[in-house]
């Protein structure tokens, strides 16, 4: 067996969250920084937001309809202009 191939294990590694909470765990690093922990995660705190997906879909469809509407008007006016030019000539 090879010696000294495993990393150093720290049984009391300190984990610090962005919210200020800190606790100890076993790790191969002495200090660990995390953005979300059990003290500030919405699932654990009970402040979970429920998204209204139906409203979002309706908003998207409305924006998509508006995006296609001006294109149809431009082509319709071009067709009218070409028809008028043909009838005048």
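Glycine is treated like the rest: Cβ placed from N, Cα and C.
Nobody curates TrEMBL annotations by hand; they come from automatic prediction.
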Looking at 34-61, 62-89, which one is region 'Disordered' according to TrEMBL?
62-89
Can you count the other CB atoms that lie within 10 A of the CB of residue 37 (Zn(2+) binding site)?
17
Cβ within 8 Å of the mean position of the Cβ atoms of 17, 19, 37, 40: remaining residues of the chain near Zn(2+):
18, 20, 21, 34, 35, 36, 38, 39, 41
Indicate the candidate from 17, 19 with the smallest number of other Cβ atoms within 10 Å of its Cβ, considering only these binding-site residues.
19
By the DSSP assignment reduced to helix, strand and coil, which category contains residue 37 (Zn(2+) binding site)?
coil
What count of other C-beta atoms do you get within 10 angstroms of the C-beta of residue 40 (Zn(2+) binding site), across all chains shown?
16
